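According to TrEMBL, the record shows the following:
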COMPBIAS  1-13  compositional bias 'Basic and acidic residues'
COMPBIAS  27-37  compositional bias 'Acidic residues'
DOMAIN    54-537  domain 'Major facilitator superfamily associated'
REGION    1-41  region 'Disordered'
TRANSMEM  56-75  transmembrane segment
TRANSMEM  87-106  transmembrane segment
TRANSMEM  115-135  transmembrane segment
TRANSMEM  198-220  transmembrane segment
TRANSMEM  241-261  transmembrane segment
TRANSMEM  273-292  transmembrane segment
TRANSMEM  383-405  transmembrane segment
TRANSMEM  411-433  transmembrane segment
TRANSMEM  445-463  transmembrane segment
TRANSMEM  538-558  transmembrane segment
Amino acid sequence: MKREESRMDDKGDLTPCQEKGAKMTEAEEDSGNETSDDTATCTPEVDKDLLVSKSFYFLFFSAYGSLFPLLAVYFKQLGMSAPQSGVLMGVRPFVEFCSCLLWGVVADRWRKGKAVLLLSIACWIAFTSSIVLVAPGHRPCQNDTDESSDYSDPWAEGLTTSSAVFETVTANPSTRAGATKAALLTQNPVKIAHLETAFWTLLALVVCGEFFSAPAITMADSATLGYLGNEVDRYGYQRMFGSLGWGLAMFVIGIILDHIGHHTSYCDTAHNKYTVCFVTFAVLMMCALVVATQFRFHYHQDEETIPLSDFTKHGLSGRVNDGVENKTQRKHLRRSNSFKDITGIGLYDSDRDVDLFQSDSGETLANWREVFAILCDARHGSVLFVAWVLGFGMGLVFTFLFWHLHDLGGTYILFGIASALNHISEITAYLVSYWLISHLGHVKILCLGLAGTVVRFITYSFLTNPWLVLPLELLQGVTHASIWAACTSYIGQTTPSGLRSSAQGILQGVHHGLGRGCGSVIGGVLVHHFGADVTFCAFGSASFLVLVLFSGLHWFILGRNSTNKEKDPMPAKYMLSIATMTSPVTQLVHPQLNHDVSY
């Protein structure tokens with residue numbers, strides 16, 4: 001704590017080393033002497049706490065990026081259909097949204113943030129590594145054509161007839177230009193039943209694993225925000241190491257799978273062994289687990305349980321207050337937790353943000369009603385709908401873009417390069433989003449992002465050369481990062497400060513939870529019946545319709561004055577910090593992120 005105080009004192013952001021150098025320089029200037037060697041050799045101290053955060057984000061997202069972008073392709077190789085793969089990928093955002101709330105309350109009430117963090121990382125390793133053990137299995141190749149038939153010969157009495165023991169089912173092989181289309185195959189019903197068993201086993205692993213592992217990033221964010229104190233705007237610069245790790249890991253894994261990975265063949269069909277991905281994930285996540293043991297969680301002493309002797313010592317007069325005094329004390333205690341005192345989980349600024357989880361039930365219900373009343377008007381509702389549409393697109397891309405490129409003959413190194421360009425584009429867009437919103441306004445940025453989405457998805461549908469996807473990945477900054485920053489800023493500045501954290505939490509849930517989940521699940525059904533190329537074209541066309549309706553609503557129905565009255569967006573340092581949040585409930589669990597800023 002002394003280190004934090006020395007960093008956050010009245011002298012500004014100077015470190016103790018810099019303060020010492022400044023004092024020595026002033027003294028030497030007064031005496032007319034030159035700078036001493038001690039001043040020249042004084043170097044700033046490395047913040048070891050933030051180094052732990054940077055290392056954890058890098059390792060955690062390196063592990064995630066080494067496997068999960070390719071997981072849908074892996075499920076496809078196992079024989080899963082597009083709807084099955086969509087469910088396996090799309091159920092995660094829904095489970096994450098619910099479980100993070102529960103684990104946040106558990107960590108807050110029992111002050112077990114570190115224990116929850118370590119448990120969740122261990123579950124990441126255990127449940128995800130178990131996926132590789134579940135496979136339908138490949139039996140020796142055999143002739144799947146039934147040689148028996150329903151034959152009737154009037155001259156051959158006593159001839160035994162038999163019915164077919166195989167049935168015709170639909171699958172998703174590649175056809176024209178590698179596009180995913182439905183075709184007819186003849187398969188053994190026993191194998192189909194085995195595949196169904198594998199699907200339900202994988203679904204159970206995914207749901208259970210996501211439930212227990214979801215709070216990992218939320219807990220890490222809690223510790224990191226505690227380290228930052230008042231400098232919460234520096235959060236984005238810690239999380240950028242996660243994006244760096246993701247892109248780098250995906251690039252390296254792509255090279256390994258293309259040039260080092262072992263290939264086998266089942267019935268003249270090439271299959272890539274993804275064991276290297278699971279091993280890399282497990283090793284990197286174990287390293288993240290080791291680093292996570294160095295996290296420190298802080299809690300206010302004021303929130304400790306008051307001993308019973310403190311009540312009996314002052315008599316029993318409090319009993320006749322019927323809880324009124326206790327309620328007043330709780331409110332006073334919440335108000336004492338100002339933003340400057342934030343150091344851990346469950347702490348918030350009661351003067352600015354309403355805690356919807358610890359306030360009284362009646363007050364909580366009223367707060368939720370007020371939040372929904374604000375967000376359900378035409379302006380806010382249209383922004384939330386755009387956030388859902390873009391979340392749908394993100395889920396569709398994350399699950400089925402590499403699926404589609406794989407059908408087109410795309411290599412794994414292509415997937416790695418595309419992922420790297422994707423993250424570079426996002427980070428760049430977050431850095432310039434403040435300037436863009438300041439000059440163009442929120443509504444124009446949202447329209448620009450929707451237009452980029454139209455171009456991106458329609459172009460996906462006409463690709464014949466998978467390498468042509470690389471320029472489109474540079475649009476990720478426009479189609480996702482800029483829109484998300486604009487939505488965050490718009491909701492933040494048009495919502496009362498007392499309800500801002502709750503509104504941001506709803507925005508997170510609509511985009512990351514509901515949007516991405518629906519994109520994977522519904523997208524899987526569409527890909528199965530119509531193909532990936534038709535699905536991408538349909539979503540691009542739907543995005544164009546949303547663009548027309550959204551722009552018409554804000555410029556012709558609500559009037560241009562609705563955009564001219566916009567306030568300035570969040571400063572760039574806050575934009576990067578808030579927009580890089582990946583957990584769908586970060587703003588709900590950590591409402592201190594949305595503190596008042598000078599709009």
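Keep in mind that glycine also has a Cβ here, set from the backbone N, Cα and C atoms.
All annotation found in TrEMBL is predicted automatically rather than curated by experts.
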Which stretch from 56-75, 87-106, 273-292, 411-433, 538-558 shares the most C-beta pairs under 8 Å with the transmembrane segment (241-261)?
411-433
Quickly jot the same-chain residues contacting the transmembrane segment (56-75) by Cβ under 8 Å, restricted to those at least six beyond its ends, or write none.
84-85, 88-89, 121, 124, 128, 131, 202, 216-217, 220, 238-239, 241-250, 252-253, 274, 277-278, 280-285, 287-288, 291-292, 295, 398-400, 402-403, 406, 412, 415, 419
Can you work out which residues elsewhere in the same chain, 6+ from the ends of the transmembrane segment (538-558), have a Cβ less than 8 Å from its Cβ atoms?
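Same-chain residues near the transmembrane segment (538-558) but 6 or more away: 378-379, 382, 385-386, 389, 392-393, 396, 443, 446-447, 450-451, 453-458, 460-461, 523, 526, 530.
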Considering pairs 6 or more residues apart, do the transmembrane segment (115-135) and the transmembrane segment (411-433) have at least three CB pairs under 8 Å?
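Between the transmembrane segment (411-433) and the transmembrane segment (115-135), which are separate recorded stretches, there is no contact, as judged by 3 or more close Cβ pairs.
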Excluding the flanking five residues on each side, which residues at least 6 beyond the ends of the transmembrane segment (445-463) place their CB within less than 8 Å of a CB in that stretch?
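Residues 383, 386, 389-390, 393, 401, 404-405, 408, 433, 436-437, 469, 472, 475, 478-480, 482-483, 485-487, 533-537, 539-541, 543-544, 546-547, 550-551.
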List, by number or range, the same-chain residues at least 6 past the transmembrane segment (87-106) whose CB is under 8 A from its CB atoms?
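Same-chain residues near the transmembrane segment (87-106) but 6 or more away: 71-72, 75, 80, 112, 116, 120, 199, 202-203, 206-207, 210-212, 214-215, 218-219, 345-346, 357, 395, 398-399, 509, 512-514, 516-521, 523-524, 583-585, 588-589.
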Taking a Cβ cut-off under 8 Å, which residues six or more beyond the ends of the transmembrane segment (273-292) line up next to it in the same chain?
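Counting only partners 6 or more residues beyond its ends, the transmembrane segment (273-292) has Cβ contacts under 8 Å with 52, 55-56, 59-60, 62-64, 66-67, 70, 74, 77, 114, 117-118, 121-122, 124-125, 128-129, 131-132, 220, 249, 253, 256-257, 260-264.
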